[in-house]
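First up is the structure itself, then whatever we jot down about it.
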């Protein structure tokens, strides 16, 4: 073979190898957004399981507390926020690493962290809102039948939709409206069907107080979720798990301090010893009920903050409403409640509404992925040209 032919063959082999490397490079570029997409859905699934499992178990334990002789409104409020110390190891683990490394800001034009005074104000304000919100829920459950209480709690979806429209620029599509209607009907059916409280002996004035407190708590909770989402977008601007932990731990600390003040100021601390001694299942069960109620509320709250951070406050509220029909199913197992057709219908409607909302996000995500793919192809082509 002549030297010229050998040189030509070597050149062709080099070209084929280079083209193969280019193709591998472009393929790897295309895989990066897909991997990030799967990780996002994994986080959403994890946060959703935290909300549903945490809220369900906490509600069952709260029902157990009242059924077995618990009567303290401030103690019921206290355990909803007092479990935050279990999150401190996570904060110490994630905070130094994530804040010192490359965290992706929501607004790429500014990576500066907000001033400490601004964060302190936010955490303090949300802590006070959380204290008042939890206390109003405790009053509502004390003075209202469970059916009326649950029905009023379901109104937080409507409040959240209103606040999200004004504060978070939430767009309403037919699928989202369908989801909200179905989830609200599901909770309403369950509430109307389950009336386990006896209103005998409850004065009309206290009934009105319970009604107004529960309605006010639903509105306050929805407002707080929308404001938290707005804070993540406009003030914190950092996509780190440490930011989610901060938003949960510091307001919970403020709320817990407020509950301790309320517990002593109201004088309810004096009846706690007697309450523990007369608890239906014993002193150990009394302590374990309160401890695990606090822990499960924190698990639910982490899921709540994560869903607000990753998606929106309205989506988080939809997930919270989905958990409502789950409670009767577990109540059949643990409290031997009766499962009738209305409860089954409520569960099916809740799942339908949840899937409707998820499908809307799937459509939005698919549209966004098409746009990103086009941009990535253009970027990949530009990168290949640079490599050439």
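Cβ atoms here come from the backbone N, Cα and C positions, even for glycine.
Within the set 207-228, 361-382, the record from TrEMBL flags 207-228 under the feature transmembrane segment. Listed as Cβ neighbours of the transmembrane segment (113-130) (distance under 8 Å, sequence separation of 6 or more from its ends, same chain) are residues 81, 220, 223-224, 227-228, 231, 235-238, 246-247, 250-255, 257-258. Only residues 6 or more beyond the boundaries of the transmembrane segment (40-62), in the same chain, are considered here, and those with a CB under 8 A from a CB of the stretch are 76, 80, 141, 289, 292-293, 296-304, 306-307, 310-311, 316, 319-320, 322-323, 326-327, 330-331, 334-335.
Remote same-chain partners of the transmembrane segment (286-307), defined as residues 6 or more beyond its termini with a Cβ less than 8 Å from a stretch Cβ, comprise 43-44, 46-55, 57-58, 61-62, 64-65, 68, 70, 75, 79-84, 86-87, 225, 228, 244-245, 247-248, 252, 275-276, 279, 315-316, 319-320.
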